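**Q** Take a look at the following structure, please.
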Amino acid sequence: MEESVGSRGGGGGGLDAQIEQLMECRPLSEPEVKTLCEKAKEILMEESNVQPVKSPVTICGDIHGQFHDLVELFRIGGKCPDTNYLFMGDYVDRGYYSVETVTLLVALKVRYPQRITILRGNHESRQITQVYGFYDECLRKYGSANVWKIFTDLFDYFPLTALVESEIFCLHGGLSPSIDNLDSVRSLDRVQEVPHEGPMCDLLWSDPDDRCGWGISPRGAGYTFGQDISEQFNHTNNLKLVARAHQLVMEGYNWAHEQKVVTIFSAPNYCYRCGNMASILEVDDCRNHTFIQFEPAPRRGEPDVTRRTPDYFL
């Protein structure tokens, strides 16, 4: 039987019912969220900054509150725990269903801790979520900021990176001039708000670039890094590939740096208007890669929301 926190002491039934409810896009109550996040914290605090992951696994990029597209992702990729998943951050903000999206992923983590890995993205932060929608959504759905606080406190425990079979390094953003090797990542103190600068910030904010070397990022955080940097990093750490998310790519995935780096983006028709495909990357037992592209799930009536979020695409 799949070992899980939910199944210990007979608690799985309640959690399974909650997962079923969440799959129908119905949020949990505030006390249920609090209990769930307490259990999740116990699991996540035991995980490494470079969390080891075995194949087969399906690697996913940004979701951004596009709940119905996450359900479509599970329909196409296989449901958890039949398929192992690795999500590379940015569960919240921009889409209309950040609450349901992040609650479902955390519930799956608690129920099947060995089957799903959830990394931190730059949007899993107190500051960013106050600007881009998650904070306002929590206020609207729960009447107070309590659930926002519960989740943003939990985000501090999400692992920063994962390592699939010692050869695919997965993270939300990209590389850092402060980090040459994986041990430098392992030694970071991650349990904090995402800093404005430094190695932890860079891992969640940086982007690959056509220009060599390190560059100043137009995002105002992190760096751009060239093919020379990726090649050196992969060589030093015996890696085949860096897989990351963080950037909208129209086909859902995009190779860079002569296939040393791949961007995976899993929110189709991003912000309900970009017209992009989404994709997920399946890594099988033999470590072969297959990209699966998908289009948006059929649109539901979107909730009546006053949009006051800036248009700058983080």
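Any Cβ shown, glycine's included, is placed from N, Cα and C.
According to Swiss-Prot, the record shows the following:
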BINDING   Asp62, His64, Asp90  Mn(2+) 1 binding site
BINDING   Asp90, Asn122, His172, His246  Mn(2+) 2 binding site
ACT_SITE  His123  active site, proton donor
**Q** Hey, what's the Cβ neighbour count for Asp62 (Mn(2+) 1 binding site) at 10 Å?
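**A** For Asp62 (Mn(2+) 1 binding site), the count of other Cβ atoms within 10 Å is 29.
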**Q** Roughly how many angstrom lie between the C-alpha atoms of Asp90 (Mn(2+) 1 binding site) and Asn122 (Mn(2+) 2 binding site)?
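**A** Approximately 7 Å lies between the Cα of Asp90 (Mn(2+) 1 binding site) and that of Asn122 (Mn(2+) 2 binding site).
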**Q** Other than its own, how many Cβ atoms are within 10 Å of the Cβ belonging to Asp90 (Mn(2+) 1 binding site)?
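**A** Cβ-Cβ neighbours of Asp90 (Mn(2+) 1 binding site) within 10 Å number 28.
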**Q** Relative to the Cβ of His64 (Mn(2+) 1 binding site), which residues of the same chain, six or more apart in sequence, are found under 8 Å away?
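**A** Residues satisfying the criterion: Asp90, Tyr91, Val92, Asp93, Arg94, Gly95, Ser98, His123, Ala267, Tyr270, Cys271.
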**Q** Under 8 Å Cβ to Cβ from His172 (Mn(2+) 2 binding site), same chain, six or more residues apart: give me those in sequence order, or none if nothing qualifies.
**A** Met88, Gly89, Asp90, Leu119, Arg120, Gly121, Asn122, Leu203, Leu204, Arg244, Ala245, His246
**Q** Give the three-state DSSP assignment (helix, strand or coil) for Asp62 (Mn(2+) 1 binding site).
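**A** Asp62 (Mn(2+) 1 binding site) sits in a strand per DSSP.
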**Q** What does DSSP assign His172 (Mn(2+) 2 binding site), in three states?
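**A** Reduced to three states, the DSSP call for His172 (Mn(2+) 2 binding site) is coil.
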**Q** Helix, strand or coil: which one is Asp90 (Mn(2+) 1 binding site) in, per DSSP?
**A** coil
**Q** Count the other Cβ atoms sitting within 10 Å of the Cβ of the residue listed as 'active site, proton donor', across every protein chain shown.
**A** 29
**Q** To test your reading of the Mn(2+) 1 site: which residues beyond Asp62, His64, Asp90, same chain only, put their Cβ within 8 Å of the Cβ centroid of those residues?
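**A** Apart from the listed residues, the neighbours are Gly61, Ile63, Gly65, Gly89, Tyr91, Val92, Asp93, Arg94, Gly121, His123, Ala245, Phe265, Ser266, Ala267.
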